[in-house]
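Engineer: I have a structure here, written as C-alpha cells, and I will follow up with some questions on it.
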C-alpha cells in the first residue's frame, strides 16, 4: 500500500523549499526505504541462515501438537459473551435449579448439563396409531433399561440411576409418555380411550400438562383439522393424529465420574436409536444430545482436511505457472512453491505457539489459512515482479536490496492494515468469543507470515538469483548451453533450454532509450530525474534501478515477458483505458452498487448455531425435523417474578393475567385463582389467608402438586405465614415460519414491559442467549475494524502516504465491503460470526490488491493519466491478478465440503476475491483516468530554475558483471 520517495536514498537530489507535510513524507520515505535497502543487503549476505532458521523453528514448534486441544464449550463461542440473557439465566438457575425439580420438566426450557433427546416421526399414519404407539413405548422401555460402564468403575449404570428423580424417587419423564401409557392401557382393556388435547391436555390424575413441544404435526377433529384449547370437553375437538413425537431424557452430571458416565450414556443412547431405526423402518428417528452441537461443529474441520490439502496442491500448481516464463533462466517456478512453503511454515509456527500457550481450536479457524495465503502470495508476487524490473547486470545482493527497497514499504503497509483490522476485532471490545479468538490467531499468523516473507522467501530469492546469474535452468538448475552449442540439439531440447544471454541482449537497440554520445553496448539504463518540485509525491514509480515508464514500452524482447504481463501490457491495458470502454465500466459499477444496495437492505441475522455445523449430521437433521413438526408454537418461555410481590392484591393479579394474555400458559396463579373461584372464595384476601390456603390446600391437591416447583417461600418469623419470595409461570406463543425473528421481537417487547411494571419480573429461555444483542455483537467487530482502517489511513496521510491515495484506498475498501455484504445476502448467506470473520479479512485482502495500484498511479508525474494507469497495471496489476487467480483456485475444493460453515466461508471469500478483482482491474483503472489525482504539472514560478537531467552511464565488466556508474548533470 505504501510507497517511497523516488530517487532519494543514495541518490543526488537538490532540495528546495516545499510544503512541510510533503517534506516530512520525503524524509520518512527516505529513511524507511534506506532501512529496507539495508535489510535486503543483510538478508542477501546471509541467505543460508535466513532460509534455515524459519524451517528449524517451525519443526520445533510443530512438535507441540501433542498439546492440541479442541474447544468444548460451543455456547461460549457462538453466543454473545456479555449479554443480559446470560445474567438472567444465572439468576434463574440460582432460584429454580433443574436438579431440584420434582415434577415435569420442559425440554426446550430446562437444559441441564447432560441429556438425550429424540424426535420420532411416522413415515405413514400417525405416531398415535396403535402399532406405532406400542413401538414407541417399547423404545422407551429399552432406553430406560439401557446400561453403560466406564473404564474406571466396575458398576453398570442405567437411566434409573442417572436420571432426575421426583418426590417419589422415580425418574422424571415427559408427560406425553404418561398420556401414551394411559391410551395403551385403555386399549388393552377395551376401555374408553382418553382424549388428547393440544397444546395443553389433562392427564388421568387431573393435572394439566403442556405437550406442545412433545407432540408435533398435529391435526384435530375440528373444522379444517384445527385443534382447539384444553377446556373443550367434546371428543370432536381433540387430537386426531400427530406426525411426530419428541422425548427427552434428563441426566445428572454431578462430579467427574457422573459426567463421564453420562457422556457414555449419550453415546450408547445414539447407538441404541441407530439400531432401533434399522429394525423399524416405518419410523424416523432423529437423536440429539448435549454434545451433538459440539461434535458436529468441530466435524467441519475433519471434513475439510483433504479439501484443504487439495487447495494447497492446486494453488501450488497455479503458482508455479504464474512464476514461469518462456526463458528457462529467468523463469522462477520454484519461487511459487517456496511462497506456499513460506505460508505453510508460518502457519505451523503460529499453531505451535498456540499449542504452547494452551489455546484451543475450533472450526472457524478454517478461514485463517486463506487469510495467510492471500497476504503471503501478494508479497511474493510483488517481490518477483520487482525482481524482474531490476537490472540483470547488477550483483544479486544489490538486486535483492533494490527489491526490498521497492516492495517492502508497500507490503509492510498492507500488513499493518491486516493487523489493525484483526487486532481491534480481537480486543475486549468484541463481544463474540469466536470472532475474538479467530482474529487474535489470524493476527499472530499474519505477523509470522510477514517475518517469514522477509527472511525465508527473501533468502530463496537470493538463491534463485544466483541460479539466474550463473545461467542455470530455473527448474532443473542445470547450466544452459550457449546458442552455438544448442544448434546441434533436438528441437524439444532447444525449446526446453531456451534463454537469452546478456551479450545477446545488449546487441539489440531498445527504441527510445539510447544516448547519442554513449555506445549502446555499455548503456543498460538511462534514468531521468525531474526537478524536485515535480517529485513531491509519496509513492514511488520505481526504484532507480528499475526501468522508467517511458521505456517500458520499448522492451527489446517482448517474447521473454511473462504471459500475463504481455497480455496486460499489450492488450488489457489498452482495452480497459479505451474511450469507448469507459462508459460501460462506469455502467457496470453502477449495476454493482445497485445490486449491493439491494442485498444490503435484506441483511438478516444468522443466530442459529445449527447453521455453522456440518451437513447431514445429527444436529442438522434434528433441527430440520423440529422446524418441520414443532414450529407451531414457540419454546416454553419462563416468566420469573424474582422479588416478593403482593399476589393477594387484585390489581397485581390483573396485571399478571394481562401480561399472560394471548399466550398458552401453565400458571400456578391462574390455576389458584380459578381454584378459589370454584370454591366461592374471594381472590383478594389478606396475605395470611392467601398464603395459608395456597400452602395447605391448593398445593396438596394431586392435580396441583406440581406447582410446588414454581413457588419459593421465605420464612418470616415463628407463627407467621411465609412470604412468596419468588415464583414462575410458563408462557408459549403461537408462531409462524420466522420463529427466531418472532422470538427476538417477543424478547424485546417483554423486556420493555418489565421496565415499567410494578412487578419485578424477567423472562428467559436458553435460546435467548444466542438472540440477545446478537446483531450488535456480530456487527460491532466489523464496524470497529473498518473505522480503525479509515482512521489509520487518515493518520498516515499526514506523514506517510499521499492524502489522495488514502482517500482512494478508503473508498475502495468501503466499496468492496459494501459489495461483499450485499452480494453474500443475495447468495443466501446470513450475517453470522463466520461471515463477519470473512468481512473483516476482506478489508486486508482488498488493500493488498488495490493499494499498490493506487500508489503506482499517484506516484507518476508528467505523462497522461492513461499512460500511468497502464504502467500501474503492468507493475502492480499483474501481481494482484496472479494472487487473485491462485487464491480463487484454492477456494474451489473448499466449496465441495458438506458443511454449512465451509459453504459460508467459500461464498464470502469468493465474493471477496471477485469484488477485489473488479476494483483492481476494472473500476479503479477506469475511474483514475478522469478523477484526481492530476498528472499535469502546475505552472512554474519565476526563478524556480530549469529542469535538470541526471544521466547514469553504466560500465559493465562482462567477466565479473559488476557495474560502475558515471553520473553527469
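For all residues, glycine too, the Cβ spot is worked out from N, Cα and C.
So TrEMBL lists these for the protein:
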{"type": "TRANSMEM", "residues": "303-322", "note": "transmembrane segment"}
{"type": "DOMAIN", "residues": "325-463", "note": "domain 'SSD'"}
{"type": "TRANSMEM", "residues": "334-354", "note": "transmembrane segment"}
{"type": "TRANSMEM", "residues": "366-387", "note": "transmembrane segment"}
{"type": "TRANSMEM", "residues": "407-429", "note": "transmembrane segment"}
{"type": "TRANSMEM", "residues": "441-463", "note": "transmembrane segment"}
{"type": "TRANSMEM", "residues": "584-603", "note": "transmembrane segment"}
Engineer: The transmembrane segment (407-429): which same-chain residues, six or more beyond its ends, come within Cβ distance under 8 Å?
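Structural biologist: Same-chain contacts beyond the ends: 1-4, 29, 32-33, 36, 39-40, 371, 375, 378-379, 382-383, 386, 435-437, 439-440, 442-443, 446-447, 450, 453-454, 780-782, 784-786, 788-789, 792, 796, 800-801, 840-841, 843-844, 847-848, 851-852, 855.
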Engineer: Given the transmembrane segment (366-387), which of the listed stretches 303-322, 334-354, 441-463, 584-603 has the most Cβ pairs that are under 8 Å apart from it?
Structural biologist: 441-463
Engineer: Could you give the mean pLDDT over the domain 'SSD' (325-463), rounded to a whole number?
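Structural biologist: Summing pLDDT over the domain 'SSD' (325-463) and dividing by its length gives 92.
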Engineer: Where DSSP helix means H, G or I and strand means E or B, what are the helix, strand and coil counts for the domain 'SSD' (325-463)?
Structural biologist: 112 helix, 2 strand, 25 coil
